[in-house]
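Feature annotations, reproduced from Swiss-Prot:
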type	residues	note
ACT_SITE	E213	active site, proton acceptor
BINDING	H167, D179, E239	Zn(2+) 1 binding site
BINDING	D179, E214, H312	Zn(2+) 2 binding site
CARBOHYD	N51	N-linked glycosylation site
CARBOHYD	N117	N-linked glycosylation site
CARBOHYD	N781	N-linked glycosylation site
CARBOHYD	N871	N-linked glycosylation site
SITE	Y311	site 'Transition state stabilizer'
TOPO_DOM	1-14	topological domain 'Cytoplasmic'
TOPO_DOM	36-384	topological domain 'Vacuolar'
TOPO_DOM	406-435	topological domain 'Cytoplasmic'
TOPO_DOM	457-466	topological domain 'Vacuolar'
TOPO_DOM	488-501	topological domain 'Cytoplasmic'
TOPO_DOM	523-526	topological domain 'Vacuolar'
TOPO_DOM	548-649	topological domain 'Cytoplasmic'
TOPO_DOM	671-686	topological domain 'Vacuolar'
TOPO_DOM	708-715	topological domain 'Cytoplasmic'
TOPO_DOM	737-987	topological domain 'Vacuolar'
TRANSMEM	15-35	transmembrane segment
TRANSMEM	385-405	transmembrane segment
TRANSMEM	436-456	transmembrane segment
TRANSMEM	467-487	transmembrane segment
TRANSMEM	502-522	transmembrane segment
TRANSMEM	527-547	transmembrane segment
TRANSMEM	650-670	transmembrane segment
TRANSMEM	687-707	transmembrane segment
TRANSMEM	716-736	transmembrane segment
Amino acid sequence: MATRKARNPLAFMPWPVTILTTAMYLALIIPLLVIHHNVPPAPRTSPNGLNLTEAWQDLQSLTKGFHPYNSHQNDEVRSWLLERIDAIKQSTPSTEEYRDAKEEKPDVFVFDDLVSNLTFIDKSVGVYFEGTNILVYIRGSEDNKQNWWETPGRAPVGKGGVLVNAHYDSVSTGYGATDDGVGVVTCLQLVKYFLTPGHAPRRGLVVLFNNGEEDYLNGARVYSQHPMARFAHTFLNLEGAGAGGRATLFRSSDTEVTQAYAKSEHPFGSVLSANGFEKGLISSQTDYVVLEGILGLRGLDVAFFEPRARYHTDQDDARHTSIDSLWHMLSTAVATTEELVSDTTDRFDGHIRDDGTVPSGSGTRAVWFDLFGSAFAVFRLHTLFALSVTLLIVAPLTLLVTSVILSRADKMYLFRSSVYSEINDDYIPLRGLRGFFRFPFLISIPTGVTVGLAYMVTKVNPFIAHSSSYAVWSMMISAWIFLAWFVSRVANSARPSAFHRVYTWTWMFVLTWSLMVVCTVYEHEEGLAGGYFIFFYFAGTFLATWISYLELFALPTKSEYVGRLAESRRPSTQGSRLAASGDEHQDDAAEEDPTESTSLLHGRHRPTFANYVRVGVDRASQDEEEEEEDPNVYEHEQGWSGVLPRWTWLLQLLITAPVILMLIVPLALLTTSALSQTGQDGSPQLLIYLFISCLTALLFAPMLPFIHRYTYHLPIFLLFVFIGTMIYNLVAFPFADSNRLKLFFLQEVDLDNGISTASLTGMPPFVSDVTYGLPSAAGQNESCDWTFRGKRKLQRCSWSAPLPHVVPDGDSLSVSSEDADSLLDATELSPDWISFSISHPQRDSSSVRFEVSGQNTRNCRINMDGNSITNFSVIGSSAPDHRFLNPSPDGLNRIQLWSRTWDNKWTVDVDFSKHDSSETDEVDESSITGRITCLWSDNNRVGLIPALDEVRQFSPAWVAVTKFSDGLIEGSRAFEIKRSSLGALGS
């Protein structure tokens, strides 16, 4: 007769367990990988109100050249944008067509802002910026019909509107296709869409094309000075921190505004990324921090996030993105904006605030994440907190009550090694404690080894994740699964136990309960929702554990089992005693007739230790043989285990693995893409490898209750995978043409002595190898030191470089991009690149007046050798805005000056402190020293910056060059001010 386990194809047996668990993991991981790396296709026919072909052509026009704020190409992009906006406005359908759609034709206003300026202080840096933003306002059907902005100081009337923001400047080394060209053309299409009959907004829509985001978020800051900045209450910021792929929801301000994003056809993102920004794990910032943090709007930050290696390089172009990526951001923006402008409730309106922020009301902190890139879950953090607290209490109580019921039913075999038998007047072994101490080794050994691998890779080949992150994942996963299987098989061979599964689930329950406590505390104290997946992880683990406890009700009572076992042993025991008695009689008879060979000792006084051991072993062996008479018992497991259900393991797998994989795999992929290529920026590489090792344990821990049933085929295969990937990860070169290493370029020209020094900054030893492989640097003494770019410590290697051609000879002060070739004839260094003067506007004052001008630029600086500036003002600037004043108590050491016109002369009044807080006894306190620096960023002609051209031409194919600072060229002249010449300071 066939046994129960033989008849059941889903039984807890090696082949079903191996095949089904492997199939389930692959069936979920593979689609998630495909979704992560493949963008949903754009429709063949553009939806009503949109034109994808036109949008793609606009992107190509926008990205013809590098167009940073301080470039002539930027002016051309601005002119082109105004033309495109005007063309869209002129093509607006007639009033009759709107009537057919039962709508009123909306009013459209275009603001070409060449007036707004802003002076702000951020710690030790002061900035004066003149904006060149473009705003398009589409009046909503429920907006006030008056042009309230035409009256100075007048506040908007009625409900707040919606702002969509993108910046049209790029960095000086990137074409800006995704940073932020796609965002810009999306904004153009939004203007077109909401001017199409059937889509007229109910709330007013402001579309902002800001200029200057790449430098201190200047464009968004100066937008605050425009009257329309008081109108919008919600916003959608479109950005690019990668160079293609999907656009992810980086962060959001609250639940209510995030619900608008949930209307997107292909939502993508997790609240974990928002927590990364909040805790400073992601250092780069977007206009979101200005719009939400300073102006008080409530909104969303949507951006491209990979591949990071193309970000701010010449591969951020139309060639390396796609119309599918464009459609992903455009469709998201349309759905989100349409939901926001259609909202007529008061949830985005509040009372006027004293701090100058807009009265946008207050929202609730949110939890949000996508599911397979097609659905989006969003709910309040308070809801997650309430559910977490409830589950933390209910789950252990449920297991406790179940355990009590099992004990009263006399079926609590757990934690019992034996039970007393009145029949035999002895303890009968249950072996119910077997397998209890297995889990700590089962989890710690594989995880400890993968953590060790993380440290080893960081030591030997730290940047391999830059181009081969999946090789790292393969190494970690294969090592973890093989070791988990090996440890479980060794343990199960030595002490087979039917309780391996229930004990493993119990340990996992305790572990996830502890993690849940930590996450719940952070939810309440810090407002962090990134641990939402732990809630679902714990919930699944609890249910799986409870199922294992409920299985115990299928067991016979312990007394019944012991009684049956005792009865089965009674005859054999009596027979043994009779046999033993007969042996004794025979021995006695033999002793009565001693012979010459008889021992001198009497037989009954012989040592009996050997006999005792043999009898004990025979009894234990006999117990096991009697227990194993049940054909449903697996191998050498406990005899009572034959009645346990054989299919519940699959239910446990279905409850835990799918949910865990659906939530954690996207997080793993998202974070891997975001972090794997940040090491080139100076981020600690160990972080990504530790992240992968820990995520591996979380992803595959649901296998542990079943892994001792695996056949050897898959683990042995994974062992070979581990060996191969480990060797590859240790010896392979970490960079490739498609995953280049970014080096940061800067050329500094001392206009006082004509010294021109170029430098490349990046990670050692690659930066020095590249630098001194250049023709102009060959033969020069290596000059490398350490510097900081932001908070990241990097190596900088310098060499004497040919002069740039950024300023024309003769009397010409500026050139357009069409005439930029004339700069190539400028071969002589002229101190007239920068002109400045220093005077005292008031005799008895600590103020000094600087007049600064640079040729063919609109960006200069006043750099101090110490933090000696207490205040400054630019003549002709607007009144200071207290929202943007955040000075350091030590004072300022730099003033950044930006002008919307070329060759501008800034007049700056600077107040100095009596004593420089950074000065030491070795510094001459009788004078104030510094440098006037101007910057040049125009890089659209070969030959303008020979050193940069040389880097691009002669660097290896796996190297990309990007800007180190605001400008590619910094020309400077020194100045000195005698403190005795300052009236107040000299008195």
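Backbone N, Cα and C define each Cβ position, glycine as well.
Structural mapping of features recorded in Swiss-Prot.
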{"residue": "N51", "record": "N-linked glycosylation site", "DSSP class": "coil"}
{"residue": "N117", "record": "N-linked glycosylation site", "DSSP class": "strand"}
{"residue": "D179", "record": "Zn(2+) 1 binding site", "DSSP class": "helix"}
{"residue": "E213", "record": "active site, proton acceptor", "DSSP class": "coil"}
{"residue": "E239", "record": "Zn(2+) 1 binding site", "DSSP class": "strand"}
{"residue": "Y311", "record": "site 'Transition state stabilizer'", "DSSP class": "coil"}
{"residue": "N781", "record": "N-linked glycosylation site", "DSSP class": "coil"}
{"residue": "N871", "record": "N-linked glycosylation site", "DSSP class": "strand"}
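Remark: the transmembrane segment (385-405) contacts the transmembrane segment (527-547), by the rule of 3 or more CB pairs under 8 A. Helix, strand and coil content of the topological domain 'Vacuolar' (523-526), in residues and according to DSSP, is 3 helix, 0 strand, 1 coil. Mean pLDDT across the topological domain 'Vacuolar' (523-526) comes to 93 in this model. Put simply, the residue listed as 'active site, proton acceptor' is 10 Å from E239 (Zn(2+) 1 binding site) when counted between their Cα atoms. When each of 436-456, 467-487, 527-547, 650-670, 687-707 is checked for Cβ pairs under 8 Å to the transmembrane segment (716-736), 467-487 comes out on top.
Taking every recorded stretch in 15-35, 436-456, 502-522 and counting its Cβ pairs under 8 Å to the transmembrane segment (687-707), the highest total belongs to 436-456.
Restricting the glycosylation sites N51, N117, N781, N871 to those with a CA within 10 Å of the CA of D179 (Zn(2+) 1 binding site) leaves an empty set. Closest by Cα distance to N51 (N-linked glycosylation site), from the recorded positions N117, H167, E213, E214, N781, is H167. Residues 270-272, 274-276, 278-279, 365-367, 369, 381, 384, 387-388, 391, 395, 398-399, 402, 502, 505-506, 508-509, 512-513, 515-516, 518-519, 648, 651-652, 655-656, 659-660, 663-664, 667, 698, 702, 705 of the same chain, all 6+ positions outside the transmembrane segment (527-547), place their C-beta atoms under 8 angstroms from a C-beta of that stretch. Neighbours of E214 (Zn(2+) 2 binding site) among the recorded positions H167, Y311, N781, N871, defined as a Cα within 10 Å of its Cα, are H167. Counting neighbouring Cβ atoms within 10 Å of each of the glycosylation sites (N51, N117, N781, N871), the lowest count belongs to N781. The CA atom of N871 (N-linked glycosylation site) is located 42 Å away from the CA atom of N781 (N-linked glycosylation site).
A simple way to gauge crowding: the CB of D179 (Zn(2+) 1 binding site) has 27 other CB atoms within 10 angstroms, across all the protein chains here.
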